[in-house]
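Working notes for the structure below.
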Amino acid sequence: MSGGRSLKTPADLAEAGLIGDAALAEVRQVAARYAVAVTPAIAALIDRADPDDPIARQFLPSAAELVTLAEERDDPIGDHAHTPVKGIVHRYPDRVLFKAVHVCPVYCRFCFRREMVGPDGDGTLAPAEMDAAFAYIAAHPQIWEVILTGGDPLILSSRRLAEIMRRLAVIEHVKIVRFHTRVPVASPESIDAELIAALKESGKTLWVALHANHPRELTPQARAACARLVDAGIAMISQSVLLKGVNDDPAVLGELMRAFVETRIKPYYLHHPDLAPGTSHFRLDIGEGQRIVAALRGRLSGLCQPAYVLDIPGGHGKAPLGPDAVRPAADGCWSVSDFRGNAHVWPPVA
Ligand code: SF4
């Protein structure tokens with residue numbers, strides 16, 4: 001779907017019939033604290049007749065967000081601890097996050113950076129801050145990959161994207177540029193020839209990580225937008241968050257992973273939800289997550305298997321949460337678990 005404008009206030013949502021009058025006061029309280037935006041493509045996907053609609057749950061503010069638990073934190077994955085200059089997060093030696101923009105086309109209610117993104121968020125980088133970010137990347141030859149995230153980098157105009165890509169083009173040691181985005185789903189019409197040409201200005205190898213959490217998000221329009229990227233030689237991977245009430249079901253999650261693969265997107269990360277404030281209604285137990293992920297093994301093609309990971313709070317990076325498939329066993333052997341949870345000795349005893 002294209003055209004129309006994004007819904008950005010509780011009144012917009014009410015007018016579009018997405019929230020009822022009874023919820024309006026609480027939604028106003030939520031919107032006073034956390035950013036709200038629903039694009040026409042996402043609004044069209046919401047099933048207004050279903051009170052538990054998994055698309056609505058991801059994007060429409062709810063009173064549950066007013067509950068903040070003691071263990072929740074403003075910077076759940078510890079970006080600030082690894083920020084040498086504004087807009088850069090250097091957590092791992094060979095790559096940096098480059099947060100050039102702080103706004104998104106849609107605001108996910110479970111967002112791990114919800115205290116940093118939005119119109120009142122961390123702010124888009126000023127020209128001098130941009131210069132400092134590029135200088136940092138240029139001065140660190142170990143930076144092999146630059147990951148544009150934020151915010152959603154594909155919300156930038158083609159002119160600004162081309163400018164960023166031209167500045168990366170001259171940094172010889174950067175070989176890979178990756179974008180983390182919701183745009184192909186939230187505003188598929190934005191993935192046009194001009195945007196793709198802008199991305200290709202750098203001459204670097206490009207990867208686009210699509211964030212989607214429910215198979216219904218992969219509409220024909222979204223799939224076509226991804227096909228335009230892939231046909232242009234841009235490789236795609238997925239990232240999803242395992243969310244209670246959205247995709248915490250092996251059938252739904254499996255359908256999502258298959259939709260990615262059908263769209264030529266390799267499933268990459270399945271994140272356990274972070275401890276972002278006001279998001280406890282989305283979190284499930286890690287053991288439950290492991291059972292859901294284990295149910296994909298054996299049932300779905302290996303192409304459809306994402307890595308289930310947890311970002312360790314405090315900026316300690318990602319830890320795999322997949323089933324503990326391989327453990328040392330007696331006599332120098334290994335114990336390997338199959339998809340039914342049965343342990344086998346490897347190498348097998350003759
Ligand atoms: S698109 Fe990403 S950064 Fe933006 S609100 Fe959603 S999860 Fe947060």
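Our numbering is plain: 1 for the first residue shown, then up by one each step along the chain.
Cβ atoms here come from the backbone N, Cα and C positions, even for glycine.
Taken from TrEMBL, the feature [4Fe-4S] cluster binding site applies to CYS104, CYS108, CYS111. The annotation domain 'Radical SAM core' is assigned in TrEMBL to 90-313. The N6-(pyridoxal phosphate)lysine feature in TrEMBL is assigned to LYS318.
Features as recorded by TrEMBL, highlighted on the structure.
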residue : record                         : Cβ contacts under 8 Å, 6 or more apart
CYS104  : [4Fe-4S] cluster binding site  : ALA35, ALA37, VAL117, GLY118, GLY150, GLY151, ASP152, ILE155, ARG182
CYS108  : [4Fe-4S] cluster binding site  : GLN58, PHE59, ARG182
CYS111  : [4Fe-4S] cluster binding site  : VAL117, ALA276
LYS318  : N6-(pyridoxal phosphate)lysine : TYR269, VAL309, LEU310, ASP311, ILE312
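Selection of the recorded positions CYS104, CYS108, CYS111, LYS318 by a Cβ distance under 6 Å from ligand 1 yields, in sequence order, CYS104, CYS108, CYS111. Each residue in ALA35, VAL106, TYR107, ARG109, PHE110, ARG113, ARG114, VAL117, ARG182 lies on the same chain as CYS104, CYS108, CYS111 and has a C-beta within 8 Å of the C-beta centroid of that [4Fe-4S] cluster site, without being one of the site residues. Taken as a whole, the domain 'Radical SAM core' (90-313) shows an average pLDDT of 95 in this prediction.
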